Amino acid sequence: MSGVVSNSLEGPDGGRPGWVAVLALWTRNLMVTGITKGLGIMLPILQIQLTSQMWILGWIASLTSATGGFVAPFGGLVSRRFGAGYVMMTGGVMMSAAAIAGSFVENSLQLALLYTLLAGTAIGISNVVAKEAVGRCFTKNYATANGIARTGYSVGLIVFAPLVQLFLDTYGWRGTMLLVGAITMHSVASGAVMVATRQPELDQSNAYQTLPQTEHTNSSSAHESTLRSHCGSLWKFVSKNFEVGLLLNSRYWLVAVIYCCTIYAYLMWIVYFVSQAQSNGFTLEEAGSFVTIAGIANLFGTISQGPITDRGVMSSWTLVAVCLVMSSVSYLASSLLTSFWPMMTSAVLILFSDGVLSCQMDVLVKQVLGVELLAGAFGWIGLKVTLLLVALGFLPGFVYDLTGSYTAAFLLIGSVQAVPLVPLLILRYSQQ
């Protein structure tokens, strides 16, 4: 295979390398959904077959995602060292190997080791690498490209839920894992296309400032000079490969607050919405219909946000602000709604806003920090999201246990979603 290299990042489509990167990110998102959603569907049968407790298996699923957040800061390093295409191929092999080897496990400990060490690591690294590759190639239509790539999640939810259930009914859980692992190997093919289509490289010499070299005076001892030299070399290596200079950048912290609060609020809604709806008097079937229709709205939001901002209908800043307000109000109101259509409207507005925000937050990172720091920004933000979920993921459930109602819990979630409005306004007016 061979491909023509696009040396220009301008233009209507980012060139062939850009759309190859979109394909790789879309495929990665689809396969990650298959790995995680497939495991979730198999939890009841795995509980019986592995003679385990449900909380242990649920913890394995959570730890897989958490591992991805912890290793995310290494994404930029491995991408620069080995190339984005080879990293995506390796990630595909690791995710596939986790599922295929999982079909041979005899207990939950073996399953945990496979999914956390193999699948979790691949999920975290590939996310940073693929998103950076898309950001490198697109300027005018980055929101549209990112939105197309993120539809992989929506397609995965639609496709893998019935597919995994069909596999379970036909081949059992071991056969299902083998088949899911085989399907996940498609990520290797998309990575191979990236290798064949050379991706544009970045000059990161001016992306951040490193510490100045320490000048040695005649009075300095040889030992001190050697120590300073080694410390300087170590700082250069760490700064270059992990973009630690971002941690001293105030704009990065403002973007991180927006990112972390939005993802935290959305994931807490995913976890507690069905229980909250049932506590408001809705049946399980009605709660399921809320989620299904809202999922379609999420897909529509993901697709529509790109043309809105890329064609100049509305600026990214305005669109993000509108969706933050809309989702925050919907979170606050949902715990008080007891009628079918108002609750349906609330769920639709929340997931539509999430579809927009999940793409526009990446656009915001690129606008504020620049394309040179995308890998480091995505990596460090991923780590912060993971730490936030580990530290405070229990809080809405804890509030419910204390009060016996989801009202206070969803007021908390809605308040968290409103917090990003402050750093968003600061960033907007600081850039003018």
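Our numbering is plain: 1 for the first residue shown, then up by one each step along the chain.
Heads up, the Cβ atoms here are built off N, Cα and C, so glycines get one too.
Unlike curated records, TrEMBL annotations are generated automatically.
The domain 'Major facilitator superfamily (MFS) profile' annotation in TrEMBL covers 1-432. Summarising the annotation, TrEMBL assigns transmembrane segment to 56-78, 85-105, 111-130, 151-168, 252-275, 287-304, 339-357, 369-394, 406-427.
Between the transmembrane segment (339-357) and the stretches 85-105, 111-130, 252-275, the greatest number of Cβ pairs separated by less than 8 Å involves 252-275. Under the criterion of 3 or more C-beta pairs below 8 Å, with sequence separation of 6 or more, the transmembrane segment (369-394) and the transmembrane segment (151-168) do not qualify as touching, having fewer than 3 such pairs.
Sequence-distant contacts of the transmembrane segment (151-168) (same chain, six or more residues past either end, CB-CB distance under 8 Å): 25-34, 37-38, 41-42, 45, 175-176, 179-180, 295, 298-299, 302-303.
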